[in-house]
Amino acid sequence: MIILGFESSCDETGVAAVSTERGLLAHALHTQIAMHQEYGGVVPELASRDHIRRAVPLARQVLAEAGLGLQDVDAVAYTAGPGLAGALLVGASVAQAFAWARGLPAIPIHHLEGHLLSPLLDDPRPDFPFVALLVSGGHTQLMRVDGVGRYALLGETLDDAAGEAFDKSAKLMGLGYPGGPALSRLAASGDPRRYALPRPMLHSGDLDFSFSGLKTAVLTRVKEAERDGGLDDAARADLAAATQAAIVEVLVAKAVRALKQTGLKRLVVAGGVGANQLLRELLAQALRPLGARAYFPPLALCTDNGAMIAFAAAERVKAGLASLQAGQHAFTVRPRWDLADICAGTPA
């Protein structure tokens, strides 16, 4: 079975073709970073308009690269939420139009489930059960995953996501947009010991997170530097390194605690922050004494992408959790959508 998947929840337009038997066949991605840079962040209306321009050409590109025609597609999948309402509606409309034209089923997919399952696209594929660390600009959660559609929340951020802490801290340092990757690049040349920053909830004993206090601490350091003439290049690099070290230390500690509490030996890390090299290195070090292992999606699939949506749909089909009835062309999207809502075992 071949599924054509569409992702349009924020500022990336992604399309992919996945086979339930052969895996990922082709995928294409367009990022809107250049368009949003002058505004310092994502402008929802501009994002929606760009998705309209990109979705169909990307679909044609994917089909051509996979050597497929529309007649070869058996189902269509799309991100139904969470995300920006207008952006989600574009992806849903395009996917539903493809489905209607060919009389195919259209499968709505939860954006976070796409991220959560994306490391299964790579080899070696982790077996169930495992602990998942979902860490991005909008979400920071620890989940126990016992199978497709079988997710239990272990802990989550009580305020800001880790990715937001990266992005907002970078903006405070004048690093531009997108801030997280810029901060990580600058941190490579900095000394994290120069600035003492808090590790919020590091010793709380639970698996929840909080990053708002860290952002406030970074703001305080920036204002202190401004009173003395501002951050020079060395100080900016050191503050970036200290910020990254604080975020990563908390993520690693909570992930290790989750493995110990569950007794599991496999950790799946997904979401944009999963591309962070320091996080990957320190997790590998921390898990080694436990006899545990971390699994990451390929770097190209850490950001939002169509491959994870098509793949999540394929996994739901194989698990009997997706309706394959054609002719159900609802345009409902859910900008706010709890992952727990899809864990009851009913078709999406």
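Yeah, the Cβs are placed from backbone N, Cα and C, and that goes for glycine too.
Taken from Swiss-Prot, the feature Fe cation binding site covers His111, His115, Asp304, and the record attributes it to sequence analysis. The substrate binding site annotation in Swiss-Prot covers Leu134, Val135, Ser136, Gly137, Gly138, Asp167, Gly180, Asn276.
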Same chain, 6+ residues apart, C-beta under 8 Å of the C-beta of Leu134 (substrate binding site), given in sequence order: Leu112, His115, Leu116, Thr140, Gln141, Leu142, Met143, Ala270, Gly271
Long-range neighbours only, meaning 6 or more apart in sequence with Cβ under 8 Å: which ones does Ser136 (substrate binding site) have? His115, Ala161, Ala162, Gly163, Gly271, Gly272, Val273
Round to a whole number and give the Cα-to-Cα distance in Å for the pair Gly138 (substrate binding site) and His111 (Fe cation binding site). 11
In this structure, which of the binding-site residues Gly137, Gly138, Gly180 has the fewest other Cβ atoms within 10 Å of its Cβ? Gly138
One residue among the binding-site residues His111, His115 has the fewest other C-beta atoms within 10 A of its C-beta, namely His111
Using DSSP, would you call Gly180 (substrate binding site) helix, strand or coil? helix
Quick note, Val135 (substrate binding site): same-chain residues at least 6 apart with CB under 8 Å of its CB -> Gln141, Ala161, Ala162, Gly163, Leu251, Val269, Ala270, Gly271, Gly272, Val273, Gly274, Leu279
Quick check for the class: what is the C-alpha distance, in angstrom and rounded, between Asp167 (substrate binding site) and Asp304 (Fe cation binding site)? 16
On the three-state reduction of DSSP, what should I expect for His111 (Fe cation binding site)? helix
Rounded to the nearest angstrom, how far is the Cα of Asp304 (Fe cation binding site) from the Cα of Gly137 (substrate binding site)? 11
